[in-house]
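*Asks:* Here it is: the structure, laid out below.
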Amino acid sequence: MFLKSELLAFGVHTVTLYELSALHRIAHLEYIAEEEKKLPEGVSDNELYPLLVARNIRVGARVVAMSLRQGDMEGPDVETLHKQVLSAWPPEMIGSAEFLIKKLSDMLPAEKEQEPGEDAEEDEEVMTAEKPTPAS
């Protein structure tokens with residue numbers, strides 16, 4: 001197998017997670033698109049928030065299921081694993097696993113690298129309580 005793997009330790013539990021294959025990445029994007037279509041339009045932020053949280057948990061659990069499937073192609077299918085993850089894993093573990101899988105799969109945005117000695121504050125405009133004076 002060519003896919004990267006790493007152990008995730010969560011409390012007393014450990015699980016081996018795998019990078020997503022190209023096929024699973026495509027399926028992941030399709031799943032996100034389908035989940036997005038299920039969200040109602042024209043609802044308030046207060047009504048939308050719990051729906052978004054639930055969707056994010058489902059999407060994270062799906063990524064975990066796809067990763068677990070990579071480790072045991074003869075075992076349960078992605079749909080069965082998805083249901084198992086949703087029913088047995090706490091949301092915090094799903095989130096930690098999703099992050100690790102996306103890291104293994106190079107699916108996270110690249111972090112801006114800073115040169116040695118460069119301050120993060122250099123990029124930000126200095127804010128003061130004083131009113132700016134017009135240029136003469």
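Cβ atoms here come from the backbone N, Cα and C positions, even for glycine.
Pulled these features from TrEMBL for this protein:
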DOMAIN    1-119  domain 'Tail assembly protein G'
REGION    108-136  region 'Disordered'
COMPBIAS  116-127  compositional bias 'Acidic residues'
*Asks:* Of the residues in the domain 'Tail assembly protein G' (1-119), how many are helix, strand and coil by DSSP?
*Replies:* 69 helix, 12 strand, 38 coil
*Asks:* For the domain 'Tail assembly protein G' (1-119), what's the model's average pLDDT?
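*Replies:* When the pLDDT values over the domain 'Tail assembly protein G' (1-119) are averaged, the result is 93.
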